[in-house]
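**Student:** Quick one: the structure is below, questions incoming.
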Amino acid sequence: MATIHVDGKEYEVNGADNLLQACLSLGLDIPYFCWHPALGSVGACRQCAVKQYQNAEDTRGRLVMSCMTPATDGTFISIDDEEAKQFRESVVEWLMTNHPHDCPVCEEGGNCHLQDMTVMTGHSFRRYRFTKRTHRNQDLGPFISHEMNRCIACYRCVRYYKDYADGTDLGVYGAHDNVYFGRPEDGTLESEFSGNLVEICPTGVFTDKTHSERYNRKWDMQFAPSICQQCSIGCNISPGERYGELRRIENRYNGTVNHYFLCDRGRFGYGYVNLKDRPRQPVQRRGDDFITLNAEQAMQGAADILRQSKKVIGIGSPRASIESNFALRELVGAENFYTGIARGEQERLQLALKVLREGGIYTPALREIESYDAVLVLGEDVTQTGARVALAVRQAVKGKAREMAAAQKVADWQIAAILNIGQRAKHPLFVTNVDDTRLDDIAAWTYRAPVEDQARLGFAIAHALDNTAPAVDGIDSDLQNKIDVIVQALAGAKKPLIISGTNAGSSEVIQAAANVAKALKGRGADVGITMIARSVNSMGLGMMGGGSLDDALGELETGSADAVVVLENDLHRHASATRVNAALAKAPLVMVVDHQRTAIMENAHLVLSAASFAESDGTVINNEGRAQRFFQVYDPAYYDNKTIMLESWRWLHSLHSTVENREVDWTQLDHVIDAVIAAMPQFAGIKDAAPDATFRIRGQKLAREPHRYSGRTAMRANISVHEPRQPQDKDTMFAFSMEGNNQPTAPRSEIPFAWAPGWNSPQAWNKFQDEVGGKLRHGDPGVRLIEATEGGLDYFTTVPASFQAQDGQWRIAPYYHLFGSDELSQRSPVFQSRMPQPYIKLNPADAAKLGVNAGTRVSFSYDGNTVTLPVEISEGLAAGQVGLPMGMPGIAPVLAGARLEDLREAQQ
């Protein structure tokens, strides 16, 4: 710690910080542009000037840039010195000489750091009367709009995109006061993390194009704290709503998880919530048509059929909340509850959970991944299946440069010096996959092989680290040399990290990862292990348990069960579509509860219209076992009273109560959570994931809307001039209103939107943190349910045989895509322009045998259908395999590992 003196007052601060960060952490306001907590200091904008004095007697002082000045013990500075204030005002005036002053038509207005800092410096009169330089804007793709004339040349965008996210297609061009930030030519930004430019940019140069089409000012949107639903990582988000539509998603700061950044799937993939074809009312089949029901009719009709059924089974979902899955389990009974996951995937999920629970290896939180000094990724294409982990791995690799700089006593915020000292030095990263990955550019070595051979590599590494681990026969000398290099790097690391997951389609890969971690722990290393699952609540569903989807279909096929309730699950993604349709056709009652129109609704007798994550509350558990709560953003029935969309758990519990002729006893979310904990002690911690519905601050609920929210009385004037009462939220501590507490200093961690007096942009998160860039002042939300035990598992001993290609037979290798493999985001219209066209990848040797070239269309039979796809050639894919884009429409993830026998050139 260090003692600094600011305008005559004494403060204790972290001596490792610079003065800007130290003062902001104290709650003092210093304007700045180029500095960002995640990017460090470069001193490019000169906006954060303060007066520094030699000692208490010095009255003259000198101007220094606070972001470039260490907060050393005994520092004397003044923020309010007149010369410093005039200098800061002049800097804004210089920046404004070329700015178009177009706030009324700028989409950043009301959410703009430049506006905030201009007001903070007191600059209110423009003296510049000459020609401004102008730029041509670029088309940067479907996600981001570009308006270069608003640029103040703070350099944040290229520092984030190139130095932090390792993007290669955004740069700065030009010189002196005429510089241009963009691509060499028009085109879609290639980085999976490009959307963060929207929040990194302090002006309106980069804005959210998906928001542009249905634009609202920040102060006119309703927000709620939420969790990204698009993968298993559980990033924290702030969705914004207006007129019953999601308008945008912003990053919600969580110092333990995603801190300042999201991936583009999480930021832009929300369009499925706004689809017009969603089920909005319960419907029941009458012949070939559906008739619309009200809630009471739906409950009574379903209850009558369920009472007559001899056995009702429930099929849950890894994209539904803990509460909804539990409500289904209560309705049908624990013995009749099935997870809705394919048997193989469920076995891998249970294995991953066993490793996390019993392996004795620590599982780091997302942000902690950045602190590891050697990383081995086994079998997982992390950028496509858990993209935010890939961004954290990139920071871990860069830790080498920080380590080298620290050895020379260079502060962690001196980023230019760190980059200069590091000269692209990296901590070792080793990646195995069936083909190229997006992490290959920073990897020390990549291994492209079938999953069996990837697992064998992992087992061999574990054996080389600890000879009591099972040995692997038949390793050739070249590969053994590489293994020796990997072993040397992992053994020499203080904090090695092993990453694997369920998406490779191989239990052996997970076992190999566990063996490597155990071997490293045995050598005394502070080792971590990270498992990536498939869906937002895969881990939660795995902890709940239940039979597999294959078991459920077996119940229907044999006639053992004559009614099935399917919860938020497109079963065609988890099993053969032919088998699913045949099994459902045998059931006298098929009830579907979902917020999306899925293929299985064609087989449904009754459809209950569920609420999406934006219209409901619930708890999900991420890949590290962290339980996190998401909250309802808006009530769709407020805008259209014909809409009947309830939380899945509310539908299912009402149905359960109707069947048993009793009163509904879960009238709010807290009742469901209490019931979950009573029945399943492994979920005891979810009660602490967020405060309950009685939580108040000075007697007030928490506001979902900024206090400047406007137009509420006119919002439904086209329907009726009589304004209805605002929706009442009995489930949570939030109010559907601007009336309520939204103070930055209030004791709360669930924060719907970032705002503080004088801070309207995302930089307002500074005001909610214990120190800038650290944890939230009152603790990061969420609670871990899985902690490493003292003991550990024995080594897994079954080493798979090496993959052998077979003539006339090809095995399907899984390829995942950030844009397209996820069930929900692929429905977003804006995503469909970024999704690749379905393809089949072939090794050049296999292509030659078949007599086909890139672009040739080939056919194969699967599940009773003939599939025809264009060929892509890949040297990385091993012969005897074909690659298919998992999860894309018509290509279910359950296909991974299946074999094809009739691959042939398609008939023209």
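The backbone N, Cα and C atoms fix where each Cβ goes, glycine too.
Features from Swiss-Prot:
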DOMAIN    2-83  domain '2Fe-2S ferredoxin-type'
BINDING   Cys34, Cys45, Cys48, Cys67  [2Fe-2S] cluster binding site
DOMAIN    83-122  domain '4Fe-4S His(Cys)3-ligated-type'
BINDING   His99, Cys103, Cys106, Cys112  [4Fe-4S] cluster 1 binding site
BINDING   Cys151, Cys154, Cys157, Cys201  [4Fe-4S] cluster 2 binding site
DOMAIN    221-277  domain '4Fe-4S Mo/W bis-MGD-type'
BINDING   Cys228, Cys231, Cys235, Cys263  [4Fe-4S] cluster 3 binding site
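Looking at the shown structure, can you explain where the listed features end up?
**Tutor:** Taken together, the residues of the domain '2Fe-2S ferredoxin-type' (2-83) have an average pLDDT of 95.
Note on Cys34 ([2Fe-2S] cluster binding site): other Cβ atoms within 10 Å of its Cβ, all shown chains, come to 23.
The Cβ neighbour count for Cys112 ([4Fe-4S] cluster 1 binding site), using a 10 Å radius and every protein chain shown, is 22. For the recorded site, Cys112 ([4Fe-4S] cluster 1 binding site), the DSSP three-state label reads coil.
For Cys157 ([4Fe-4S] cluster 2 binding site), the same-chain residues that are 6 or more apart in sequence and have a Cβ closer than 8 Å to its Cβ are Leu170, Phe181, Leu197, Ile200, Cys201, Val205, Phe206.
Take the CB of Cys263 ([4Fe-4S] cluster 3 binding site) and look out to 10 A: across all protein chains shown you find 28 other CB atoms.
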**Student:** Name the residue among the binding-site residues Cys45, Cys106 whose Cβ has the smallest number of other Cβ atoms within 10 Å.
**Tutor:** Cys106
**Student:** In terms of Cα spacing, which of the binding-site residues His99, Cys154, Cys228, Cys235 are within 10 angstroms of Cys34 ([2Fe-2S] cluster binding site)?
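**Tutor:** Among His99, Cys154, Cys228, Cys235, the ones whose Cα sits within 10 Å of that of Cys34 ([2Fe-2S] cluster binding site) are Cys154.
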**Student:** Going by Cα-Cα distance, which of the binding-site residues (Cys45, Cys67, Cys151, Cys228, Cys263) sits nearest to His99 ([4Fe-4S] cluster 1 binding site)?
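**Tutor:** Result: the closest of the binding-site residues to His99 ([4Fe-4S] cluster 1 binding site) is Cys151.
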**Student:** Count, for each of the binding-site residues Cys67, Cys103, Cys151, Cys228, the other C-beta atoms lying within 10 angstroms of its own C-beta, and report the residue with the smallest count.
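**Tutor:** The binding-site residues Cys67, Cys103, Cys151, Cys228 were compared, and Cys103 has the fewest Cβ atoms within 10 Å.
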**Student:** Counting by DSSP secondary structure, give me helix, strand and coil numbers for the domain '4Fe-4S Mo/W bis-MGD-type' (221-277).
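**Tutor:** Output for the domain '4Fe-4S Mo/W bis-MGD-type' (221-277) reads 11 helix, 18 strand, 28 coil.
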**Student:** In the domain '2Fe-2S ferredoxin-type' (2-83), how many residues does DSSP assign to helix, to strand and to coil?
**Tutor:** 12 helix, 27 strand, 43 coil
**Student:** In Å, rounded, how far does the Cα of Cys67 ([2Fe-2S] cluster binding site) sit from the Cα of Cys231 ([4Fe-4S] cluster 3 binding site)?
**Tutor:** 36
**Student:** What number of additional C-beta atoms lies within 10 angstroms of the C-beta atom of Cys235 ([4Fe-4S] cluster 3 binding site)?
**Tutor:** 27
**Student:** Compute the mean position of the Cβ atoms of Cys151, Cys154, Cys157, Cys201, which form the recorded [4Fe-4S] cluster 2 site, and then list in sequence order the other residues of that chain whose Cβ is within 8 Å of it.
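**Tutor:** Neighbours within 8 Å of the Cβ centroid, excluding Cys151, Cys154, Cys157, Cys201: Ile152, Ala153, Tyr155, Arg156, Phe181, Ile200, Pro202, Thr203, Val205, Phe206.
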**Student:** I'd like the Cβ neighbour count for Cys154 ([4Fe-4S] cluster 2 binding site), meaning other Cβ atoms within 10 Å of its Cβ, all protein chains included.
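**Tutor:** Cys154 ([4Fe-4S] cluster 2 binding site) is surrounded by 26 other Cβ atoms within 10 Å.
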**Student:** Could you check what DSSP calls Cys103 ([4Fe-4S] cluster 1 binding site) once collapsed to helix, strand or coil?
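**Tutor:** SS state of Cys103 ([4Fe-4S] cluster 1 binding site) = helix.
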